[in-house]
């Protein structure tokens, strides 16, 4: 302003002056008359100066207040993991709180094209998208221990109408930032209502829902904030359907109101999951006016569809609606009532105009005031059908414009198409909204409709007629879902998945049903339809078999049941093991190291089959694979003076687990120190409240003298102080440690390779049974499929298998220290015909005690003595005889005598069949008459034997041990007796399984008439097959495979008689025509190209895998496919490219694969002899 005084007087005279002031990007223009130029300019500048001072002060105050209320970012609702089909869109969302508003960012999304699942000959490729959100660091981290979930909730199954309560406790009191925990249902945050209460205390969080309905079914979760993210726990809440009467259906659910108008609403709902045993025939709709308790039924006859247009409501009133289902037995419970619905004119807001005036004033003008001069209304326009079904037509039209001030009603008229004979369609139903449902029409005729407007002054001219409309079933029930497959998940749940029905109709969801093996009752799994095609079924009984089926749901009702899934045994699914622990150096030589590690903490519910060890020279930071099976191994060809790191990976039937943490760098320098190396494999046994047993292996490097003893130390979890447990050395490699000074403390957990680590259980029971056998018995609280009992003496030595019988029943394990007695046979079954025509079947065994038991089985049914068939059992002489007075065809069959005397058991079978009928009706191929059995000879040798029958010259009998064929056995083709004698049963033989395979004999007999050089048969422990190379028309026919044991026959057939089936299954099947070499060796930095030919119609799909993992095309790998061959090129191969490469060819008629092992050797190395060099 002071500077302005200098230049304001110098302004030239003019009638009007424009003053332009700019500040911080904003510009204002002032127009000033000549006679007040100076005064006005000075006033404007002084006002601006005061304003700038006030603005600066307000900015500083605002900045100070914002800094006081600043809050570090917290993710309240984190990102969820998604599993989606390929090429689908994914929407990711999360909620972040903080002051100032945090900047959000996603790190690189990792797309794992995970695997190709082959389930019952269909492929489904899925993409697992894992996306993690960047977490902002806290300015002042809280050093107190955060609360974690202590006791969580499990799946609940309350009945409809009951109260659902979920509660979880915490390990400690919640910190300030954890008190804002959140509850979710199906991923949607929950808020407190009249029926839902949320409660949070320092050590407890709970959710309570009063009077639950099916709509409350879903996945409930609680999210607990932490410094590193959000911890969550989930629970499935399912409702049991509780009918009023047996046989009535369940109640409908999810009743929704749409298209609300003056006197009209449109209702939709979903059908119930349970129909009570008979189909649902329709639904009754009920309404209740708010403020009253009277429910009024809206339709006289049951309505078939799950959608209903409702007319006849009063404008301005509020209603509730609900629905009941009907079948031939009765009416269901009512559904949950809708939210309050107020019927009103939706176009009313568009008939009001608001005009803004100066000084904040407004003028409201309605069209009724403008259109006040209209008396007789104009006719409606655009009469058409908004919905057509098999029982009704919903009409809508446009109001006349202008409408007039007076309220309008409508007359609806109908006429058969082309007749021009109009009649009223709403005689007793006043219509005030431009919607009207027409019922009671003839399905075989077409109709036209027109509408007249009515007010107090009169009736308008009719509208133009609509197009001809006829009733038609636009809503049909969907077809059933397909390919229902159940997969193992946990000990009480399975994962159920299926394919969508092949239909263009919109699917509203799915209902699932389960049935336990041996039961005829199907149990409803969910009462609220799920929209996904994959669902985890909880609440099943462990070790029980279940089958499943699924229904699809839409507005027309439910589909038929899908085909039943294959039975599945409920038990935990196997997974890859966790990483091994504590990779350690046990010994070191000049160019080698002995590396050991602890077994994984979790085996993935499957036996560990081996390990892979990787090594890394610290100088080049390159990891190289060393294939190893044991968990202690010697690594050779190392360079002296170099530092190496190692990591290990465990493998089971599910695959290879994650690698362990890299070890510390180990210097490759020969150990010459006098003291021994470290013991290894320290494990815990017999963990009790105040004691445990430690076991370990002696050190590999013993130093310059033998190991004289061991010292044991222990420390508490969380502490770094080690305390001596023993003051004197112990020479054993096991020790029972008393933990009195560690009682109620947690020790550092040592991962154990033993099956059980037991807390607070009873010791092993010892006693003598009634037969004089010494027995040891041990019982566990629970077991799993992988649970085993390993009996040992002095914690190291295995028990003598020749003197011990081991029994496992449920969770109880027993062993008897004596020879296991098998009831010996003196004379096999024999058949005599007495003088009076009576047939005598008799058998003699060794002398039995008076308490011996006999169980006689005839054709898989237990029999007892009758006048026509007398059974005599002389225990003192071991004689069993059956006397049949009038022998007939009904007496032919298989007789099996099962004998039990104390702990001694045996059974003997006789097949009594007329030889003439044998060729026609009974087995004519080789089969086993007596299964494998074993006994201990007087020389303490193990004798395993069996007996076959129906042998021919070409019959072959083979023995296998651990899938390896044995040659040193006895076989007499005359009587079919075969035996295997083991003179010294060692530990490895004790742990092996012996099995006798007869599949090759079986195949030889069946395929004799087709046998030539083109046919190749094979078998393994788990499957049997036949390959026909270059098939011709002569190979058409019916192929039969029969597998027999001592109880029954299993039959599988494949009819390839027809030309179409023969072409599909044999000629058009995908196959490899030009295979790959077995092994290929190539020098590093070269380019490798592998080519394989194939055939099939349709052209097969081609996939290449490396070590059973799908190969992704990129800079390293290039794949070129044409109609009959596929080639893969690997550029600049390295040692990492070594491995097993497999090509998979597949079409709808079959699959085949070819495998090649690629070995990459370095420059200067010599490749393996006999290997194809490239």
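One is the number of the first residue shown, and numbering goes on along the chain from there.
Cβ from N, Cα, C; glycine included.
Record features, source TrEMBL:
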{"type": "DOMAIN", "residues": "141-221", "note": "domain 'Ig-like'"}
{"type": "DOMAIN", "residues": "251-346", "note": "domain 'Fibronectin type-III'"}
{"type": "DOMAIN", "residues": "379-474", "note": "domain 'Fibronectin type-III'"}
{"type": "DOMAIN", "residues": "480-573", "note": "domain 'Fibronectin type-III'"}
{"type": "DOMAIN", "residues": "579-671", "note": "domain 'Fibronectin type-III'"}
{"type": "DOMAIN", "residues": "678-783", "note": "domain 'Fibronectin type-III'"}
{"type": "DOMAIN", "residues": "1070-1159", "note": "domain 'Ig-like'"}
{"type": "TRANSMEM", "residues": "32-52", "note": "transmembrane segment"}
{"type": "TRANSMEM", "residues": "109-136", "note": "transmembrane segment"}
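Below 8 A, the CB atoms of the domain 'Fibronectin type-III' (480-573) and the domain 'Ig-like' (1070-1159) form no more than two pairs separated by six or more positions in the chain, fewer than 3 in all. Helix, strand and coil counts from DSSP across the domain 'Ig-like' (1070-1159) read 3 helix, 55 strand, 32 coil.
Secondary structure of the domain 'Fibronectin type-III' (579-671), assigned with DSSP and counted as helix (H, G, I), strand (E, B) and coil, comes to 0 helix, 47 strand, 46 coil.
Taken together, the residues in the domain 'Fibronectin type-III' (379-474) have a mean pLDDT of 89 on the 0 to 100 scale.
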